[in-house]
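Only one structure is covered here, and it is reproduced in the block below.
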């Protein structure tokens, strides 16, 4: 039907206005219709009852038989008699469908078809019902299950559909084409162009397709080619309705008048044999609908919007005596349909009522209807309860199937005999070095196993396992033989073993017994986790980065500050850098440098991780320097002059930048000097050192000095000679950085051999200092061990193993000379700075010497190493010296300790392990040296840069977003949240990458990599005050990454909702919404929601546990299943939510109501016993109903729970 020219008041109808109507009786509504009808708080009738009075029906004359309420106050948009069963289908302007069975109009099913658009046409098929909305075609079973959901283009505006055969459908609307859709494949098979756009009505005979246009024309088209054969220009204004029967076509519509469109009381009748109009038929009502009702004659039924109905012959004269009146509850009739048997007429009005008129007391809708299938009650066998405290209770009370197989209880006694475990054999090294005194043997500890640990072996072959063979590791490599592998367990690549519960049952505490936070490795490009930890444990970097905040959407400094804040809050739980890595992937420079790895390359280890992390190290320092140049935190540096830095510098530049002087000397004598700065240095190794087999000693300090003050011969342009000349380029240092960053550049066998050779030379020299030449294979006696570990020994080592593979010093001393030179030497804590030449007493110490004479001592703070592992492709780990301030915050103690950071594995280690590099599997990549007393130079106070203004109103990124589409009201200044305020929260997500899983040989599924989710919508609603339940945040998050699945059924997010070009939603950036949530967390509000743990995880937020009120756990019994929000809302609140899709506003409000209900039932937590009984009843009810909310509207919740007062419509 075309709605142009109808009552203008209907144009102002908005479905959302009815969601919060109070359940009051309309003044026009007949009270008899609503006797015993329960109205829910949303204003929808839960069940419709027939008229109570008996109605006398005269045979052959149409009279009203029944009237029912489909939805109170929501206009009926379409009605349709089922062609296969005795049912009447009704669709509403709110997108809700309801079916009624039989002439008594008993409610059969009721479900939501579309959340926002009205239902425009209904077509019944053998297996289900087709529903057409504005740009959506949905095929659903008669009970409400979705068979398919076909989403049309956003620009489509469909009004009509026509079933041409059992599997082909035509769909038309206000556009200039008609779509042909195959119902078997659910695909568009043809698109027919329409010369006259606006096809709102379609009919079919054995000769033509008939298309009614909004312009008032009716076109006749060929059944095979769909070409126009004839065209009738019926009305000058618009077409309202038409019908075809035999050789006649009758149409009604609107004609153009001076004042606009007016309903034409002349019906246009056309003879299809001669293709011309015959005498128009004048009627006595304003025709809005018409249908042929061919019983004995070809009668026409003409219906007006006001409820007048007239029957007449199309070729005769209309008689005023043939008019009868339908008494609509609302002012207008909105729809009309005739059953296939012509015995029943259905009318729907603007107040949601349906009127059934029949010509017999017991009409049938179809000549041959099949039997309708009704839902059967759930039949559960009642088993007698068993009292386990009764020893003599016969277990045969529980019937079991008869079987001839062996029962588990028939386990053979031979297999049940206890078998004591044999003692493990003594280590051969202990037996070899043992010295016996009497019957007691003494031997040095070979340190091949952890102290006080005995391995638990199931097989004899396990006796050769290494020292970490009994530590549970990640699933990678569990089936291989660890004793053939040289990499220690704690250095191997760790992965998360996913179960059907995801991460909830994975024991992270097994890998991290500290209170520091690890980082999860399953996110793309998470190879940089170790470097993120290094930057975090630099106290000035941690504080200054968290003080930074700018307006840039993808700012790495901002995202790194957010991640550091999460690491601060965590108490041993792992964090994930998903938002930081998301911003990292959007930076063009990172992609140009090859820092963005494909998932396949990262999983297989094809990329050279050592080179990759060194490039990443240079990139991140440069990017942070650029990001923080634009916005500086005032008074961040307390230098001698009181000023922070130059206008072009940043805090990153102040910490890492080193001022250099580059000098180029041509052989002609001309010299060119340029000033520059660098954020890190790359080691430059001596030429030909690896070919020298004599083992020439070369201190690390010498190599470092050579790398900083680099001198090389190269061809360069000389302005004096005006040509390229051999020049000597030297680099001198002007100013030393506070943090010295070194890329080791061990990228080939040549550099690895250099490290290996220098470590061997250093080991021999250490043995010589001990007191003599010791060959490589010489064995140590017990006396040697005692002397080596004694206080008199110069090495002060507890094991000779600590001397192996060590070349790197823990401290270095650097001094600026007067002639712009640089002195670098290794430094040990036992040394004293020789200051006699400076005329300074040595007892003043290094700190005073640094201030007065430019002598700087740098301590090793972190080493990043590349683990070579052929099984897993290798990995990157970090050794980090965690300072006193971190231990004070996390553990309340003041000490320093070295730790190994291997993603989420964190383990304290001995300091010598941080500088031991076995080049066969452990290769150094990056070194961080920190100037002593660095923290005293900087203001380490963190001032939260996030202000309350982030919660105020902001513009949407969407171009089409209008105020009429706004679903929330931002907070006013007087509504700013306070500590302890409640905020209802819910989030919806989309999938960026599908889950990767494998099928085991036993048929079970193993998750290798979980699906990568991205937050798409975040909603926060007020938890108290006069506007309680009204959202103040409802942001759709714009994404630039490809979405593989919008999860529309569970999220309500549709394609295009996240695209700023076509979205009509309030679209924002992730950073903008993240700041709002961070402010709410920092202010101390309490979040109420359902399943908040996953929401915060995907949003990448760390929320203190005392600020989370999760209804999943409030209504949960230990060792029982988690209960869905939908079931809890039905059971406790008598609400039915999540009908078609999930809506975050609805879910957040429901969670708030459930929390209020929890407080009511538990008396604010003071009566746990009574609440336990409530939970017990909840679980019993859930098991009986299989945890499913009943679909029939007549079945209500077992609880008459109090619900919130209606929230004002926005």
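Cβ atoms are placed via backbone N, Cα and C, with glycine included.
These features come from TrEMBL:
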- 517-932: domain 'USP' (DOMAIN)
- 986, 988, 1095, 1147: divalent metal cation binding site (BINDING)
Any further residue of that chain within 8 Å (Cβ to the Cβ centroid of 986, 988, 1095, 1147) of the recorded divalent metal cation site: 985, 987, 1017, 1018, 1019, 1089, 1090, 1091, 1142, 1144, 1148
Within the predicted model, mean pLDDT of the domain 'USP' (517-932): 78
Proximal but sequence-remote residues of the same chain as residue 1147 (divalent metal cation binding site) (Cβ under 8 Å, at least 6 apart): 986, 1019, 1089, 1090, 1125, 1137, 1138
Around the Cβ of residue 1095 (divalent metal cation binding site), the count of other Cβ atoms that are within 10 Å: 24
List of residues, in chain order, with Cβ under 8 A from that of residue 988 (divalent metal cation binding site) and at least 6 apart: 1015, 1016, 1017, 1047, 1050, 1051, 1052, 1053, 1142, 1144
Neighbouring C-beta atoms (10 Å sphere around the C-beta of residue 986 (divalent metal cation binding site)): 28
